[in-house]
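Enquirer: I have a structure I would like to understand better, so I am pasting it below and will then ask my questions one at a time.
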Amino acid sequence: MAGEDPYIMGVSDPQMFAMDQLMGMSTIFNNTGYITSDLPLRTADGPYLQIIEQPKQRGFRFRYVCEGPSHGGLPGASSEKNKKSYPQVKICNYVGPAKVIVQLVTNGKYVHLHAHSLVGKFCEDGVCTVNAGPKDMVVGFANLGILHVTKKKVFETLETRMIDACKKGYNPGLLVHPELGYLQAEGCGDRQLTEREREIIRQAAVQQTKEMDLSVVRLMFTAFLPDSNGGFTRRLDPVISDAIYDSKAPNASNLKIVRMDRTAGCVTGGEEIYLLCDKVQKDDIQIRFYEEDENGGMWEGFGDFSPTDVHRQFAIVFKTPKYRDVNITKPASVFVQLRRKSDLETSEPKPFLYYPEIKDKEEVQRKRQKLMPNFSDGYGGGSGAGGGGMFGGGGGGAGSGFSYPSYGYSAFGGMHFHPGTTKSNAGMKHELSNSTVKKDEESSDKQSDKWDTKHDVKVETVEKNECRTSGHNEEKEDASLCCKDEGNKPKCGCQDGLFLEKAMQLAKRHCNALFDYAVTGDVRMLLAVQRHLTAVQDDNGDNVLHLSIIHLHRELVKNLLEVMPDMNYNNIINMRNDLYQTPLHLAVITKQAEVVEDLLKAGANVNLLDRHGNSVLHLAAAEGDDKILSLLLKHQKASSMIDLSNGEGLSAIHMVVTANSLSCLKLLIAAGVDVNAQEQKSGRTALHLAVEQENVPLAGCLLLEGDADVDSTTYDGTTPLHIAAGRGFTKLAAVLKAAGADPHVENFEPLFDVEEDVKDDDDDEGIVPGTTPLDMAANWEVYDILNGKPYIAAAAVSEDLLSQGPLRELNESSKQQLYKLLETPDPSKNWSTLAEKLGLGILNNAFRLSPSPSKTLLDNYKISGGTVQELIAALTQMDHTEAIEVIQKALSSSQRQSHQEDNTIEAFPSLSPTSFAKEETGELYNHKFQDPESTCDSGVETSFRKLSFTYSDSLNSKSSITLSKMTLGYRKAQCKAVIYLTR
């Protein structure tokens, strides 16, 4: 650090005057680049000034005039709660009277006067003057305050400060302009400045105003020793302190995470988290996730959000990044922190947990993996009969299940039934009442008769006298099963006979059904006698319809729908399991279009919701299944559900856009969906979501086919154009602008901090403009498009070229550029991370041993059959735009032919927005920047365009009026042209 800025070390330089004198010979106007703080150190022999206590860099607030003086002066770097200290300097190698002045200077590479003022004891006109000596040559500054000048008064204040410095000889050659280094030192009285000197000062003030950072200052100490006449004209070399940051400035305050609503997320990322923090600068902040492994490797990812997702500089809504390995089997602990882009300063990291992906959220796979029933478990005899027979007891004995003494079906007397717990009846949650059983039996008999008549099957009855008992011992066992009353006392009559009669009736029905099935081969014969059991649910709440759909038995579902009892038909077909899923929900989830159609014909209710508030329309939209969605939309009751929001506040159109399904979106639009419906969390429309995902086809479909409101706003007044401009989406900005989006719409986010920029400005009191898309433009290309400049499409690269080897079409110079870019020490953009993204991370140790790891990596990738498309996708995940540009430029140049069409909007002269405006008004709408650098101020985002040339223009823009008069047909034609170019 000493080699970079010796002033910070507090040691002066005797060569300064010589350098000032040399640079004073320059006649170049406004060239302040000659004066830098990078001067060599020296060993002082004569008097010199030294800082012995630096000021505290952070935690001190700059105050405005209306706020009054600060509570306590600027503390020293070593100041503590019970031991205060303040900035101090010492004049070394000298004893006697002296005068020390303190001026505020900038923190950049070049030292200039700062517009802020020092206030407090011994301070006048922004400069502090203190007498030192004659014995104690240590000077302390215990009451220094810093007065913050408003941005609108920077030029005026700075010019006055420069004139004063030149008149009094306070380092004018260093702080103002090298041509003014000849002006006398303090003590010779003020002198009048010439017109040329004033012009130099004015030009210097104009230039330095553009570059000044109002959130940070430094102290410059200059000592003057008396001459032979007693005047303080002998100036010692000045020394400059460490930087002092305004505690209220978002780009200077300490970063701190205050609260997060979630501390864990899925490895696939994309989950929304609300984060509260201390004041941040919305275009200069990142949310960094990182993990360090045992071998010193580093993984990092960044939360996804735009400037519109930062609320009042204190809250950020972002989506988590994907973890480096989405196939983990146990949770992975990482850290999350805030990081400032400009200086890479970070907050204290907080723990975050990535858990494995839950691929079976609807528990379909889990239920499919349950042990399938074995045929031997249901067959009589042995442990199998007892363990899994339909009426088997728990003992597992040979006689505990059904007993078949012979294959003659007349021996029904040999059957006996033992009530016991089995797999079949353990999970029955809904027991049928006696009345229900009786009705079902009657219905069953009628249904059996129907099937008998239909298939012309003769059913012979079995006479009671053909039944015979199986023995005296079994009769004793049956007798032991007599029912007991509440007092556990045996009733007078045993119900063995009644139980046996019921069992015989059941056996007859099943026997007849088995005969019918044997004759017809129609499984419905077997299902018909058990249809009253379709209401029974297992441990998961699933009935037979649920399970048939889960296991993909489409024919069985169809058969069950045909034989189910009429009385409970609707209740059974719309029955919900423990996850509140109906059979129709499961059919949509498992993507069985035929089953969905069968259920709808059978009368399934499309209005029922699952545990998350999702209707079947939501589920089909989320899956992006246009075939199933088409079937559902044809249902007569679907229209009432098409705009319904689920538990997350999303309607079907929002989920379709999130799923990136253009075909489903067209179906919803044709069905009359409200394309301007707002999701209930933040008020985003489908167009907002399409822009967030940078999906041009979806946005175009919404605008052209859905007539979406291009200037629809969220709860905070943000339009889709705000999002496109803030994220730097050039294509979408062009599409929205062509569709008539207004770049001057203000959202509710103030362009500047009311408490800071409006102070001492009565004229603007109460008028705080919001932020427009022009203010949020992330790059100059987007800004020019918003101002009406035609969109110029990049040279297209054919799919054939993308499918070739990654380096085949790159020339040698492009390869070298790519190698160099991948050799960067930045772990997020070097060859090692790229290898991980390309699936070659296992070879990193081998690559590291080669002379050029990046070259070796890409050579291996080429040999393995990798494509340019995959390479660009990996680089996109790394956010390595420079490498992507090198590849695309090389591929485009190799493909360029002489007959290549000029892909610009000029190819559509009748559709050009500028030509249209010119025809109507005779003028072109085109802003020109007068200030290429944005002004940094406390509480103001540096990338936001200045109010002077955006907000004021929006009030007087003729072209904005012209655009508002464009017909819908013209806008659609213009939008189509731009969408065509963005392909």
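Cβ atoms are placed via backbone N, Cα and C, with glycine included.
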Enquirer: Would you mind telling me which of 377-397, 461-481, 923-943 Swiss-Prot tags as region 'GRR'?
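Expert: Of the candidate stretches, Swiss-Prot labels 377-397 as region 'GRR'.
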Enquirer: Which one of these stretches, 365-370, 485-490, 893-898, shows up in Swiss-Prot as motif 'Nuclear localization signal'?
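Expert: Within the set 365-370, 485-490, 893-898, Swiss-Prot attaches motif 'Nuclear localization signal' to 365-370.
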Enquirer: If you count the C-beta atoms lying within 10 Å of each candidate's C-beta, which of the modified residues Cys66, Ser342 ends up with the smallest number?
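Expert: Across Cys66, Ser342, these modified residues, the one with fewest Cβ atoms within 10 Å is Cys66.
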Enquirer: Which residue counts does DSSP yield for the motif 'Nuclear localization signal' (365-370) in the helix, strand and coil classes, in that order?
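Expert: For that range the per-state counts are 4 helix, 0 strand, 2 coil.
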Enquirer: I need the CA-to-CA distance for Ser342 (phosphoserine) versus Cys66 (S-nitrosocysteine), whole Å please.
Expert: 31
